[in-house]
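Engineer: Pasting a structure below so you can have a look.
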Amino acid sequence: MIHITLPDGSQREFAGPVTVAEVAASIGSGLAKAALAGKIGDKVVDTSYQITQDSPLSIVTAKDADGLEVIRHSTAHLLAYAVKELFPDAQVTIGPVIENGFYYDFSYKRPFTPEDLAAIEKRMAELAAKDEPVVRRVLPRDEAVAYFKGLGEHYKAEIIASIPTNEDVSLYREGGFEDLCRGPHVPSTGKLKFFKLMKVAGAYWRGDHRNEMLQRVYGTAWATKEELQQYLHMLEEAEKRDHRKLGRELDLFHIDEHSPGTVFWHPKGWTLWQEVEQYMRRVYRDNGYQEVKGPQILDKTLWEKTGHWDKYRDNMFTTESEKRDYALKPMNCPGHILIFKQGIKSYRDLPLRYGEFGQCHRNEPTGGLHGIMRVRGFTQDDGHIFCTEDHILAECTAYTALLQKVYKNFGFHNIIYKVATRPEARIGSDESWDKAEHALMESLRASGCEFEIAPGDGAFYGPKIEYTLKDAIGRQWQCGTMQVDFSMPERLDAEYVGEDGGRHRPVMLHRAIVGSLERFIGILIEEHAGALPVWLAPVQVAVLNITDAQQDYCREIAAKLQKALPNQGLRVVTDLRNEKITYKIREHSLQKLPYILVAGDKEKAAGAVAVRARGNKDLGVMSLDAFVDLIAQDIASKV
C-alpha cells in the first residue's frame, strides 16, 4: 500500500503506484479538472508523475504561485510551438519564466515584425484551443543530441551536449512540437488561456556578445482574464509614469551615449536631488550618525582582503598607476572600516554610526541598464553601525522606525518586510546567528511589522532585513536593507577595547534607507507620475502676468515669495512672455508645477493673486500672505 498525505493531514491509500492526476481524481472531479501539477515536499512535478512510495502531496492549481509558474513555463513552450508552425526555418533555443511572464529566444533569418507577433499570438490561441496533451519522455543524452541535430535544431543540440554524458534528459511534446525541458508542464494546452505577447528584443546566444544575436520574444501569462487585464492596465499606467519619459519632458536629466549608465543632471533635476540628499543628511544628523567621506579609488589589496577582487572583479572598474592596481569602489563598507580603525576605539564608543553619500561604480552590462534606475555610477545613503551583539536589537528597532518615517515623508505607506536567515555555508557561531536573527525579528515585532521569513537567503556573513516599497500601481521596489556582518570586521582586522580590557571584534551593521539616490529618485518620479510633492518639486510656484502692465508686480511677488519662509526660499519662476494667459497656464501645468499664480489688473490693484493648484484646481483670489501660509503648510506636511 502507498499512503499519500494531503495538506490537511488526511491520508489516502492506494494499492500500488499512483499518478498525481489519479490522486486528484480520487479527491474530486473539480480538483482533477483544475490540477496543473503536484507538489511532493518542495518538488513540483507533472500530473502524470508516478508516486511509488509514501509521500506528502499537494495538488497545484492556477490559484497557487507554483501553478502560475507552470502556466508561464508552458506558455513559453506554446510560443515556440506556434513560431515553428508559422516559421519552420526558425531555430528554438531557451525559454525561461521571468517576473510576470516569460521569454523565448529564436534564431531566424529576419527580425520578427509587430505583424508577426500578432500572427504568432493568434496561432498560440488556436493551438491552446486544440487542448493537445503535453507528454513527457526521457532520452539518454547522446540520443537526445542526435535527435535534435536530426531536426536541424543545433542550439538545442549544443545545450544538451553540455550536459554530462551519463545523464538522461527529458523532452515534452505537444502536437507536432517537442522541446527539451526539465518541466513540469500543464497536462494539456487547453489550460493555457490568458496570455499576451509583449515585445521583441535582441539577445546574444548564451549572453556572449561574440555570439549570434537572437530574437527574444517576451510574453505574459496569467491564471485568469481579470489578472491579465489588471497587469496590462498596470503596464499602461507604468508607461505613462516612466521616469525616462518624464525626466525628458520635465527637463530633469538625460543619459548620454558618451557615458552610458551615468546621469547628467539638469538644473531642475539637481534641485530635486539636493532636496532628497539634504533631507537624508538631516536624518543622519538627527539620529546620531557622523557623516564621513571616503575616496572613490582604492588599492586592489584592500579588495583582496574583503573578497571582492576574487568574487566581484568583473563588475568593478579597474585602473593601474605606477605598477599598482586600483578599483573604483563598488560599495562604501571597506572605507568605513578603515576610518573606524584610525585610533583606538573603546566599548564606550559603541554603537558608532557612520553615514556617507558615497559615490560607487559597478560595471553593469549595457543590456541591463535602465534610465536612472539601473546605472553604473550611483550614490548611496550608506550607513554602517559598529556595535556589539547586544546592541543589534536596539539599533535595528530604531532603524526600522526611522525608515518608516522617511518612507512616509516621501509618500510611501506600504512596506513589505522580509528576514533572510542563515544559509548552509556561513561563518560565525550558531550562537551568534541565533542572537542576530532573533534581534532582527524582535526589532520588527517591536515596530509592529508583519514580516516574511526567507530561510537560507541570508549572506554567508550574516542575516538581514529587506524593506520593499509597494508603489501606487502595485509594483515592488526593494530599497532599504539592514544587514548584519560578522565577516568584514574580521577580514579587515577591526577591533575595540572591551570592558575587560581585551581586544574584541565589533559587529558591523550595513544599512541603507533609500539605497541608490538615482534609483530612488526614479521611483519617486514614477510613484508621483512626475507631480512631485511641494517640498520636492524643483519649481514650486510660477508667477504669470496677463499683460505687460503687471510685469513689475509679478517680479515683486516672486521676490517676496523667495524670502517668505525662514531658512527656506521658495523655488519660484516668473513667466512674463507676451503670450496668451491660457497658453502660459497650460505650459506650466504640463510641467506639473504645484502652484500657478496669475496677476491681472484686478489682482494688482488688490495686492493679491489668483491661485491655481495642480490638477487644474482654481483656488480663487487670495492675498500673498494667505498663499504663503498655504504653501508653508504643504511643505511642512510633506504633501
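Every residue number used here counts from 1 along the chain in the order it is shown.
Just so it is clear, glycine is given a Cβ too, placed from its N, Cα and C backbone atoms.
So Swiss-Prot lists these for the protein:
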- C333, H384, H510: Zn(2+) binding site (BINDING)
- 1-61: domain 'TGS' (DOMAIN)
- 242-533: region 'Catalytic' (REGION)
Engineer: Inside 10 Å of the Cβ of C333 (Zn(2+) binding site), count up the other Cβ atoms and send me the figure.
Structural biologist: 20
Engineer: Would you find the one among the binding-site residues H384, H510 whose Cβ has the most company, meaning other Cβ atoms within 10 Å?
Structural biologist: H384
Engineer: Beyond C333, H384, H510, what residues of that chain have CB atoms within 8 A of the centre of the Zn(2+) site's CB atoms?
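Structural biologist: Output for this site, in sequence order: M331, N332, H336, D382, G383, Q483, D485, M488, M508, L509, R511.
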Engineer: In the domain 'TGS' (1-61), how many residues does DSSP put in helix, strand and coil?
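Structural biologist: Split by secondary structure, the domain 'TGS' (1-61) comes out as 14 helix, 24 strand, 23 coil.
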